[in-house]
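Per TrEMBL, the features are as follows:
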BINDING   B:LEU20, B:ASN27, B:LYS157  xanthine binding site
BINDING   B:ALA129, B:ASN130, B:GLY131, B:GLN132, B:ALA133  5-phospho-alpha-D-ribose 1-diphosphate binding site
DOMAIN    B:37-159  domain 'Phosphoribosyltransferase'
Protein chains: 2
Amino acid sequence: MKLLEERIEKDGQVLGENVLKVDSFLNHQVDPMLMDAIGTEFYQLFAGDKPITKILTVESSGIAPAIFTGLKFGVPVVFARKHKSLTLKDDVYSSEVFSFTKQVSNKISISHKFLNQADRVLIIDDFLANGQAIEGLLDIIGQANASLAGVGVVIEKSFQKGRAILDQKGIKVESLARIKKFADGKVIFVEE
Amino acid sequence: MKLLEERIEKDGQVLGENVLKVDSFLNHQVDPMLMDAIGTEFYQLFAGDKPITKILTVESSGIAPAIFTGLKFGVPVVFARKHKSLTLKDDVYSSEVFSFTKQVSNKISISHKFLNQADRVLIIDDFLANGQAIEGLLDIIGQANASLAGVGVVIEKSFQKGRAILDQKGIKVESLARIKKFADGKVIFVEE
């Protein structure tokens, strides 16, 4: 997605060998117009597949791209919660997710009410790096006996293992920006 | 907002005397079409004021209504983070927020980069109950020397103290649904 790659080049900050900071438009300050365009792009990439009934993501940074994707498909968005709140008392599907960025393990949970075997799910997330968060969501989709339409990722760090893991499972993955590597503080994209 | 009140009556669950569970359309599963309508409503309520440069909210449940409000205004949305991540290393404005629902205290933070004295801010949040989260955002706006256009709330529990606190400060507050009380498991709205 050219608009996104240009934005990453303009506003992204490369920190060391592994970290791309996009907090000016994706995960702290968010550009709603870009998110709207991202929703349209995911719609075009997945609309040809069998009917999608639900968009799944993880709080918090996945919510903005997921909500616009849900709007384009006209379906609900469910975001997995990282902490049980007093008002999330129902039976839940849970999975353990380790975040390399934050160096913590979080349990993510989705209420039984919002996912079942009638659902055909599109996962949307902001980043695909080691794939931990998406593997957690796949685990939950399995527990619910729901089916998976595919995975849509805003920014993929192709040099980390997440993409390979999903490819090996035969999952359809669409990443709007694929990063081959960081070199001298600059982003090198995968050539299509 | 009639559409929202009807949705609360249809899908909200009253738990005890204080808690309204709206996790089927607002804070776990989210209805993007309703959020879009909510963004339009906030735009109409605040567009007549001096130019708004930024929408402010708190992760996670505030993001969906805030992002559509930002889309209608054509301005960025900044969501305060509840936990410092490795990629949020900059200088930040912080404030301590106690959540009665979750019975925990969280530090919320916003990077200096995304809020300054040139900003005129509209706060959007999912709930106004005791007003703790919004007071935390007001504290941060004060630290940044930014100015406040007003506060837009999706659901206000008018019987709790938050609304009165904001009224006493002379802040313009617009709540799309105002709840007077819960009676026999039903929601009684404030009559306009």
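Positions of Cβ are set from backbone N, Cα and C atoms, glycine also.
You'll find the Cα of B:ALA129 (5-phospho-alpha-D-ribose 1-diphosphate binding site) roughly 5 Å from the Cα of B:LYS157 (xanthine binding site).
Residue environment of B:ASN27 (xanthine binding site) contains 23 other Cβ atoms, counted within 10 Å of its Cβ in all protein chains. Per DSSP, the secondary structure of the domain 'Phosphoribosyltransferase' (B:37-159) breaks down as 36 helix, 46 strand, 41 coil.
Nearest neighbour of B:GLY131 (5-phospho-alpha-D-ribose 1-diphosphate binding site) by Cα distance, taken over the binding-site residues B:LEU20, B:ASN27, B:LYS157: B:LYS157.
Sequence-distant contacts of B:LYS157 (xanthine binding site), defined by Cβ-Cβ distance under 8 angstroms and a gap of at least six in the same chain, are B:ASN18, B:LEU20, B:PHE127, B:LEU128, B:ALA129, B:ILE179.
Mapped onto three states, the DSSP output places B:ASN27 (xanthine binding site) in coil. Under DSSP, B:LEU20 (xanthine binding site) is assigned to a strand (E or B) in the three-state scheme. Of all residue pairs in B:LEU20, B:ASN27, B:LYS157, the annotated binders of xanthine, the farthest apart have Cα atoms separated by 16 Å. A Cα-Cα distance of 18 Å separates B:ASN27 (xanthine binding site) from B:GLN132 (5-phospho-alpha-D-ribose 1-diphosphate binding site). Within 8 A of the CB centroid of the 5-phospho-alpha-D-ribose 1-diphosphate site residues B:ALA129, B:ASN130, B:GLY131, B:GLN132, B:ALA133, the other residues of that chain are B:SER99, B:PHE100, B:PHE127, B:LEU128, B:ILE134, B:GLU135, B:GLN160, B:GLY162. In terms of local Cβ density within 10 Å, B:ALA129 ranks first among the binding-site residues B:ALA129, B:ASN130, B:GLN132. Of all the binding-site residues listed (B:LEU20, B:ALA133), B:LEU20 has the fewest other CB atoms within 10 A of its CB.
Along the domain 'Phosphoribosyltransferase' (B:37-159), the predicted structure has mean pLDDT 92. The Cβ neighbour count for B:GLY131 (5-phospho-alpha-D-ribose 1-diphosphate binding site), using a 10 Å radius and every protein chain shown, is 23.
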